[in-house]
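Written out below as structure tokens is the structure these notes cover.
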Amino acid sequence: FYLGTTYGDCDSSLRLLGCVIIYIAPKAAIFPLEGLEGAEQEAALLNNMRVYGTILLTSMATVVFVGVKYVNKLALVFLACVILSILAVYAGVIKTAVDPPDFPVCVLGNRTLVWKTFDVCAKTIETANGTVTTQLWRMFCDSPFLNATCDKYFVNNNISQVQGIPGVTSGILAENLFGTYYEKGDLIARKNMESVEDPDDPSTNMNRYVLADITSFFTLLVGIYFPSVTGIMAGSNRSGDLRDAQKSIPIGTIAAITTTSTVYMSSVVLFGACIDGVVLRDKFGEGVHGNLVIGTLAWPSPWVIVIGSFFSTCGAGLQSLTGAPRLLQAIAKDGIVPALRIFGHGKANGEPTWSLLLTACICESGILIASLDAVAPILSMFFLMCYMFVNLACALQTLLRTPNWRPRFKFYHWALSFLGMSLCLTLMFLCSWYYAIVAMVIAGSIYKYIEFAGAEKEWGDGIRGLSLSAARYALMRLEEGPPHTKNWRPQLLVLVSTDAEQNVEQPRLLSLTNQLKAGKGLTIVGTALEGTYLENFDQTQRAEQALRKLMEAEKVKGFCQVTVSSNLRDATSHLLQASGLGGLKHNAVLVSWPRNWKQGDEHQTWRNFVELVRETTAARLALLVPKNISAFPSNGERFTEGHIDVWWIVHDGGMLMLLPFLLRQHKVWRKCKMRIFTVAQMDDNSIQMKKDLTTFLYHLRIDAMVEVVEMVRSKTLVMEQRSQMLKQINLTKNEREREIQSITDSSRGSIRRKNPAAVTTQLSVTEEPPAASKEEKPEEESASPPVSSPAQVQLIHDNTNPASPATPATPLTPSETAQSPGEQVQMTWTEKCDGEPAKPPGAATPEGIKDIFNMKPEWENLNQFNVRRMHTALRLNEVIVKKSSEAKLVLLNMPGPPKNRTGDENYMEFLEVLTEGLNRVLLVRGGGREVITIYS
């Protein structure tokens, strides 16, 4: 609006003022127009406008700088001049009905001649001495004699003189009613006059005719005409001076629009009814001796129009130099655009000195362009953009039902605003599509600049209301059903801890969050405080500010949340339960491994951690636990080489496959290659297993190297299964001990006979859990979904669930796959044990097949079973360290938590042994659903 006001009022007025001075005093022209024709004359005229426009701009800017109060006092005088000029034009139109003015136009054939270098509109004249040739003859012939060689068109066509202003009763309106558009350089010709032309004869003496100076078309004329109706918001600009703005602005604006529209439309019709079409299209008046057409039409004298134009343009220029700097000063003082703050300063009395200087510079740029036709489309774009956004804001406020939008105008309807916005947008592209695109780019750039760098004062944003409505609609759509596997992405709840000063203790956790967000999605960074909310409100605010600051530094897009409770365990639980909204909730939790958990004063920290693992398992949330988080890279680091190793012990829904893919989208991990390790027994077909896993990755479109690690299984597994069976048949404690001892002795003898060097404490693949009582079964079954470990692989396509990928899986019968989406867990690996075929989940055994990473058996006692587990972890850790000691990151399946809390410390010790000696480890536990699919 500021640019439109500056260019429209100030620039156009000053250039017109310079043009008026040339008409008043032609001798004052610095660049003489006499003797020049065509483009040379136009260039001289524009140069005069540049010089006089600059002089007048300097003078007016000085007047405004010295005393603006005099400008306001002269406003009524300038208005009176405008009204008198309009009345003079109407009086002249009425006079043409009785006595049209003598305003001749010389036409050769149907072509309008430039009437400057000849005096008589005729080829020859009769005198007492006979027929004498005229100056017009000498323009087209090579000599003044009658036998001279002349231009063929001049010879074949007659010279005629027509009235340029035939009058309102002449019927010329019918001829001018419809459009006639010309290309640049075309001849301005009359339609209803005969012309003899030779198609084979090239046109000559073109500089003798009036030519079109620009290519004209409807939309161009709209763009040129539109600035004349851009004063609609003048009343709004003075709203601070009105006694009752709510009443005065609608009435005054509608009255002003009605008045100006009546004047403009009647002027268009009356000019077309009074003035010949060739004169209307003669932009510089070359065919009428350079006279002012409207000045000639006006009554009683052309000087009424000249003087009226002088004062009105002078007043408009002064008003612009008075109002536009104040508009800019208000923008600068509001701090909306930081780059404009300097223009908010001024003199001691508040006069906007710097704003006036910038406004004068912008006016000068338009004056130097000089051509009104070139500036008018740009000017139209500024105003159309302004009006379009005003209409858009009104329509949006109504459609969004904003409570504080209460228009008093009783005839208002949002459809009118929408229609106005559509018309403005249409006019922009009709006038000039390339200027429209440029204007929209400029407006968008200013908006984004204000959004990111400015807007210190929040005046209310209509886009924000639109965003709220769109967000509500999207959240309601998310509630319609669970997301498809192909749309799954990690929606992270990042749990961090703060110190006494409310500073985040694990900033690298947010670096890892940023690196994982190649899948976009939701991010909630939360922390828990101990105490009561009322007493710790200030700490809560400081913690929230610290989280926001760190999120901004790490470029993490999302939300932060601080929860206060009587203890940290409950506060963390509240975060886990209450974070998110509707369908936009987290599906994965990212929390750091408790550091120094073995120290006596840290026992509550690791107990809270194990409780968190239990809660995420119960809530079916994925869990990501980075160990040695301080060793993880920051966002500024780059790995130029290295590997991301995935140790795929059990299938977790594809989390282990998806996370490395997401990490490699980030520039930190982009150069790292992905390796997948899986464990096989000595009697498994490792070659076939590797082939099937490679095929699986190919279908997932994941580029990774595959390696199968073979490990020997202990015969002690038979003893474990036998022990469980004895418990189930209700033997006494002594009987069970004797039976177990005999089995143990026989097992050892068998191993020594077959392989004396065999290691007895090696990886156990499957074991049956102890029988649970009827009361314990529901708890046990809900603790973790049964999953198989990789001992034998079979790659199939699961047709029962199109959302699930083609994974190495056990074929399931229809009855076995008939589970709810939330409970269905895809089995990837099936195993064989002692030659027995594997049984799918829910088969004949009541507890199903469990493995070491399900942690179903009891952890509370360090019996032989748990000692063997520690040996298993140690053995597996040795293999991982051997293979992945140089890896940049190691991803491991995270075992489930123990059923009873007495085994928590054993569980932590197991994880510690499993990950010992590794620099960067990411423990991953799936949420019980597929997160990756072969379908795009």
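Cβ atoms here come from the backbone N, Cα and C positions, even for glycine.
The annotation compositional bias 'Low complexity' is assigned in TrEMBL to 799-818. Here TrEMBL flags 204-493 as domain 'Amino acid permease/ SLC12A'. Under the heading domain 'SLC12A transporter C-terminal', TrEMBL lists 507-624, 638-755, 868-936. Per TrEMBL, region 'Disordered' is recorded for 734-827. According to TrEMBL, the transmembrane segment annotation covers 12-31, 51-68, 75-94, 209-233, 254-280, 378-399, 411-436.
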For the transmembrane segment (209-233) and the transmembrane segment (378-399), check the count of CB pairs under 8 Å (sequence separation 6 or more) and say whether it reaches 3 or more. yes
Residues of the same chain, at least six outside the transmembrane segment (75-94), with any C-beta under 8 angstroms of its C-beta? 168, 263, 267, 270, 273-274, 294, 297-300, 304-305, 307-309, 311-312, 314-316, 318-319
Close approaches to the transmembrane segment (411-436) from elsewhere in its chain (Cβ under 8 angstroms; 6 or more beyond its ends): 218-220, 222-223, 226, 377-378, 380-381, 384-385, 387-388, 391-392, 394-395, 398-399
Taking DSSP H, G, I as helix and E, B as strand, the domain 'SLC12A transporter C-terminal' (507-624) contains 59 helix, 24 strand, 35 coil
PLDDT averaged over every residue in the domain 'SLC12A transporter C-terminal' (507-624): 88
Please list the DSSP helix, strand and coil residue counts for the domain 'SLC12A transporter C-terminal' (868-936). 32 helix, 10 strand, 27 coil
